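S.K.: Starting off with a structure, shown below.
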Amino acid sequence: MRSLIRTHATEFSLLAVIVVISTVLSFATANFFSLGNAFDLLNISAVNIIFAVGLLVVLIAGGIDISFAVAASVVQYCAAIVLGWIGGGGWISGLLIAGSLGVLLGCVNAFLIHRFRIISIVATISTFNIYFGLLMFFTRGVSIYDLPDWLTDRVILFEREMPDGTWIEITLPVLVMAVCVVATWLLITRTTIGRQLYAFGDNPEGARRFGINIGAMQFIAFGWLGLMAGIGGLIQAHYAQEVVPNALYGRELDVLAAVVLGGARLGGGKGSVLGCVLGVLLISITQNGLNLMGVSPFAFKMIVGAIILIAITISNTRIERLLAFVGEKGAGR
Amino acid sequence: MTTILERVKTALGPEMAGPGLAFVAVVLVFGIASPQFLSAATFGSVAFQLPELGLLTLAMLLPILTGGLNLAITFTANIAGLTVAWVLRENGGVDAGVGIFIAGCLLALLVGAASGVVMGLVIAFTRAHPILVSLSMMIFLRGLGEFLTRGGDISGFPAFMGPIGHGSIAGIPVPLIVFIVCVVGWHVLLGRTKLGFNTYMIGSNLEATRYSGINTRKAIVLVYTLSGVMCAIAGIIMLARFNSVRIGHGESYLLITVLACFLGGVNPFGGFGRVIPVFVALVVLQLLSSGLNLIGANQHLATAVWGILLVGVMILRWVASKIRISIIRRGS
C-alpha cells in the first residue's frame, strides 16, 4: 500500500483534494452530494475526458499537441457534411467517419513531426492555424443546426426516478467516454506498444537504439489523439445538438492544463489514465461546486486558475522548502 | 566583395535566412500578383497593424529564449488595459486629464509586472513547467477580467487618447514608433546587458548556468516581469486603438506570437534567437495578410497561410540541413 502511494503520489494527492473539496461542498450546498449531481458531472465532463486521454498518450510519447480541439471542430463539420451526402447514416457510420477523419488529421501532425523533424509544438501550432483558418474561411463561421435526427436525439442508457421526484440519467457520452478511457488504459498499460510509448517519451534516442520504431510511435500517439479528437468532436456535436466552427476553439489549453495537473509530464515518459481523469474531474467538480454555491459564473475561471496555480506550486515544492525559503529571506540575504 | 558579404552574413546571423527569404518571396509574389501591393497604402496598413501583434510577440520572445513560454500574454495585456480604463473612469471618464492617463498607464505597467513576477517566482522556485504555470495564470486572468467586466465592453475615454492609437508623427504611426522603440530596447537588452546574456545562458543549459555562479532564479523572475511589462504596453496601445477594452481582445494572437517567434528562427527549446529576425518575420506575416486582403481573401485565410508558411520554413530548414550534411560528407 505504501509503495502504491509512493508510485502514484499525484493520483493520491488529487484524490485527496477531490475528497476534501467534495466533503466541503456536501456540507456547504444542499445538492452537491447526490447521485443526480454526480451523473450530471459525468455527462458534462465526458467530452473533455475523451480529449484528455487522447492528449495523455501524446504527452507520454514526449510530444505536445495544440491542434486537437480545432481538429475536432474540423471533424464535426466534415462529418456533418459527409453524413448529409450519404443520406443520414447512424451511430456506427458516424463514429467511423469521425474517427477516421480524426486519425487522418492526427497523422498529418505525425508526418510533419517525423518526416521533417519539426518539433511537435511548432508543427501543431502551424496545423492549429491551418485547420482553424481554413475551417473559418470555408464555413464563413456559419453553424450547422440541420443535423441527422439520430445524432441530436438524446440517448439515455440508464435512468431512474429518485425518491424526491428528480430523474437521474446516464447518457451516451458517458458510455463513449468509458470506452475511450478503458481503451486508452489498455493501450498504454497492457500492450507492448504502450511500454514502447513510455520508453520513447522518456528517452527517444535510447528507445531508437533499443530497436523501437520511432516513426510508428509518433503515428500511433498522434493517430490515437486524432481518433479521440474525432470521437470527442462527434460526441460534442451530439451533446450541443449543433456544429459551431469555433465552439471548441481554446478548449485545447483547458484540457492541457487538466492533463498536466493529473500528473502527465511535459517532456514525456510519465502520466496515467487515472490521474488524467482525476485532473479533469477536479476542475469540473470545482466549477460545479461554485455553481451550486451560487458564485457568479464569471468568477469560475478565476478561481479555477488560482487553484491550478496553487496546486502546482504546492505539488512541486514541499512545504518545508517554502518555509526554508522564507527563513532564508528573513536572515537578510 | 566577399569580405563584405561575410561581414553582412555574420552581422545578420543564421536566423536571418528564413525570415529574409520569406520577406523577399512575399514581396515578389504579391508585387507580381497585385499592382497595388507595392504602394504606400499597403505599407501604411501594415504599419498600423504591426505593433499590436508585435508588442505581444516581444513579450513572448523573452520567456521562449529561456526555454519557457508565457501563455498569459494576451490576458495580461487585457488586464493592463482594464486597469487604465478603471483609473480613467474613476477620475472623470471622458473628461480625465493627461496626468490621470499617465498615472493609469504606470499602474497598468505595475499590474503587468505583477503578473509576470508571480509567474516568474513560481517557475523559478518550484521548477514547475512554464507552460503549466503561465496557462493557469492565463485562466486566472481571463476569469478575473470576465468577473470584473461581466464579459462586456468598457469604452468612453478622453479624446486625447485617440492619437496614441491612430495618429502619426512625421508620417510614422505612433503605435509603430512605440513598437520600434520596444524592439530596439529588447535588442539592446538581449545583446548588451548582463540579463540578456543570462537569458541565453539559461535557455541553453539552466543547470550549467546555475553552477557557473549566476543567480538563475533572479534572472528568470526578471525575464517574466519584463514580459509582463511588455504585455502592459501592448494593452495600452490596444486600448487606444480600439478605444475600448474587452476581455478576449487579441486572444487569437496568442498562438500567432509563438508562430512569429519560431518563424523568426528562435529555438523552441530556448537559448538561440534574436530580435531583428523576429521583427522581419512579423513584417512578413503582416505583409502576407495585407496582400491576401488585396487579392480579396479574408483574415482567416491569412491565418491558414501563416501556418503553412511556418511549416514551409521548417521543411526548408530540414532540406538545408540535409544538403549541408551531404556536402560535408562529400568534402571529407
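Just so you know, glycine gets a Cβ as well, placed from its N, Cα and C.
Not my notes, these are from TrEMBL:
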TRANSMEM  B:20-43  transmembrane segment
TRANSMEM  B:55-88  transmembrane segment
TRANSMEM  B:100-124  transmembrane segment
TRANSMEM  B:169-190  transmembrane segment
TRANSMEM  B:219-240  transmembrane segment
TRANSMEM  B:252-269  transmembrane segment
TRANSMEM  B:276-295  transmembrane segment
TRANSMEM  B:301-320  transmembrane segment
S.K.: Is the count of Cβ pairs under 8 Å between the transmembrane segment (B:20-43) and the transmembrane segment (B:219-240), pairs 6 or more apart in sequence, 3 or more?
M.R.: no
S.K.: Please work out which recorded stretch in B:55-88, B:100-124, B:169-190, B:219-240, B:301-320 has the most C-beta pairs separated by under 8 angstroms from the transmembrane segment (B:252-269)?
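M.R.: Counting Cβ pairs under 8 Å, the winner is B:55-88.
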S.K.: The transmembrane segment (B:301-320): which same-chain residues, six or more beyond its ends, come within Cβ distance under 8 Å?
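M.R.: Same-chain residues near the transmembrane segment (B:301-320) but 6 or more away: 17-18, 21-22, 252, 256, 259, 262-263, 284-285, 288-289, 292-293.
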S.K.: Taking a Cβ cut-off under 8 Å, which residues six or more beyond the ends of the transmembrane segment (B:169-190) line up next to it in the same chain?
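M.R.: Tertiary neighbours of the transmembrane segment (B:169-190) are 44, 47-48, 50-52, 54-55, 58, 61-62, 65, 163, 196, 199-200, 226, 230, 233, 237, 240-241, 274-276, 279.
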